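Enquirer: Pasting a structure below so you can have a look.
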Amino acid sequence: MSDFEVRPLRADEHRAAADLFRGTLHRPPITDAEWERLNPTRVSSSGLGAFDPDLIGVCRSFGDELTVPGGTRLPLAAVTTVGVRADRTRRGVLSALMAEQFADFARRGLPVALLHASEATIYGRFGYGIATLGRDYTIDRRRARLRPDAPLSGEVSLLAFEEAVPRWPELYAGLDHLRPGMLTRTAASWAISENFHRRFTAPVITAVHHGPRGADGFAVYTVELGETAVLHLTMLYYATPEAFSGLWRHLLSVDLVDRIRTEARSVDEPIDLLLTDPRLVVTERAADESWLRLVDVPTALAAREYPGDPVVIEVTDPVLPANSGRYRISADGAARTGDPAGLRLDAGTLAMAYLGTWRPSTLASAGRIEVRDPAALAAADRLFSTHAPAWCGTFF
Ligand SMILES: CC(=O)SCCNC(=O)CCNC(=O)[C@H](O)C(C)(C)COP(=O)(O)OP(=O)(O)OC[C@H]1O[C@@H](n2cnc3c(N)ncnc32)[C@H](O)[C@@H]1OP(=O)(O)O
């Protein structure tokens, strides 16, 4: 269907685009105060609209950096605000927006794009793959006790919301512990966090842990009172085991709270191991946290580290055909090659392996990788392995 046009949003169209997006999520229009914080004149972001001639679809992105295995930070397009008006869905509007957005990323030299998907069935067809996993869990606070051997030192102090918001970026940047999948975080991502937290009516508290070298972790939470009083832990970052258990010691000590609830935490977060009764940590959901698109496969492949023996893979990418081809991957890096490939996979599957979240052998066992040489599969498992499970930890 071609009776619509896709083009960059003009400055005066961004707010209507934000409202259209909110409508697609069945949420009310953006408020003046929220818009003031997200306005592209304040935080750098770009957007595309589909017009027929009314605005019927939108996708936006802002710049950030993605930490890849080995510690390199790759320029990233953080994709957000994707929606098509309900009376114009399923006629190719999103497909046209995605195609134009990839072309825009290529022009701007952004090798990777990341998003959080509202539904897991939307983005695979565009070459995105599940790149990090997250776990939602609750804890019965009244019964939970820290084990006596939990690593504890340092102090926790509390900041009120207005005092804390301007300090979040510096607290995060000071941690210097980014694992694969984490973002550097720019003004746009902090503005989104601020807007999210301003929706709570109860006070939003930031607890900062201070270790021997200063602030080394922080937690953000709010308590919803009711028949069951729930402490919603909305952000938690830490650089040391002492900061992690120190912040949890604080969270478990907050009075008048029955349950603590948190979402999209890293799957290896050792909260269960900190408690005398690990069963008090109840996993409510463990699922995709973020989706990654390798827009420029050669650049993305060359950016990460690879522990292990060489392998040649063949990548297929019908959406961005320039990525298709064979790549030799080794401890020395990754580059195109004419050598025969031991494994064949599509770009979305490569994105699933890229941050180490999925072992190539797991992907192969699900039919996602064609194995031409079993030795190459074992070698790829080693090459794509990482020291810690990838985790994004930033919602946008
Ligand atoms: C990063 C974020 O912002 S995530 C938020 C995403 N937005 C939303 O969830 C808001 C509500 N949903 C929407 O606005 C729309 O349904 C969208 C944006 C998800 C899809 O827009 P559409 O214009 O309908 O997509 P389009 O017509 O290009 O569909 C392309 C293909 O994807 C399929 N598809 C699209 N959306 C979905 C979906 N939600 N579930 C399953 N399949 C889908 C279509 O069936 C079509 O398949 P086909 O090529 O085999 O025919």
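Each Cβ is built from the backbone N, Cα and C atoms, and glycine gets one as well.
All annotation found in TrEMBL is predicted automatically rather than curated by experts.
Keep in mind the model is a prediction, meaning the values are calculated, not measured.
Residues or ranges marked as active site, proton donor in TrEMBL: Tyr123. Feature annotation from TrEMBL assigns active site, proton acceptor to Phe396. If you look up TrEMBL, you'll see Val82, Gly83, Val84, Arg90, Arg91, Gly92, Val93, Leu94, Ser95, Ser118, Glu119 marked as acetyl-CoA binding site. Taken from TrEMBL, the feature domain 'N-acetyltransferase' covers 4-151.
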Enquirer: Check each residue in the chain of Tyr123 (active site, proton donor) that is at least six apart in sequence and keep those whose C-beta is under 8 Å from its C-beta; list them in sequence order.
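Expert: Same-chain residues close to Tyr123 (active site, proton donor) (Cβ under 8 Å, separated by 6 or more) are Leu115, Ala117, Trp291, Arg293.
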Enquirer: Between the binding-site residues Val82, Val84, Val93, Ser95, which lies closest to Phe396 (active site, proton acceptor), Cα to Cα?
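Expert: Nearest by Cα distance to Phe396 (active site, proton acceptor): Val82.
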Enquirer: Counting other Cβ atoms within 10 Å of each Cβ, which of the binding-site residues Val82, Arg91, Glu119 scores lowest?
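Expert: It is Glu119 that, of the binding-site residues Val82, Arg91, Glu119, has the fewest other Cβ atoms within 10 Å.
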Enquirer: Give me the largest Cα to Cα distance among Val82, Gly83, Val84, Arg90, Arg91, Gly92, Val93, Leu94, Ser95, Ser118, Glu119, the residues the record lists as binding acetyl-CoA, in Å as a whole number.
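Expert: Output for acetyl-CoA binders Val82, Gly83, Val84, Arg90, Arg91, Gly92, Val93, Leu94, Ser95, Ser118, Glu119: max Cα distance 19 Å.
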Enquirer: Around Val93 (acetyl-CoA binding site), how many other C-beta atoms are within 10 angstroms of its C-beta?
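Expert: Neighbour count, Cβ to Cβ under the 10 Å cut-off: 22.
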Enquirer: Enumerate same-chain residues with a sequence separation of six or more from Ser95 (acetyl-CoA binding site) and a Cβ-Cβ distance below 8 A; give 'none' if the list is empty.
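Expert: Result: Phe126.
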Enquirer: Applying a 10 Å Cβ distance cut-off over all chains shown, what neighbour count does Phe396 (active site, proton acceptor) have?
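Expert: By my count, 23.
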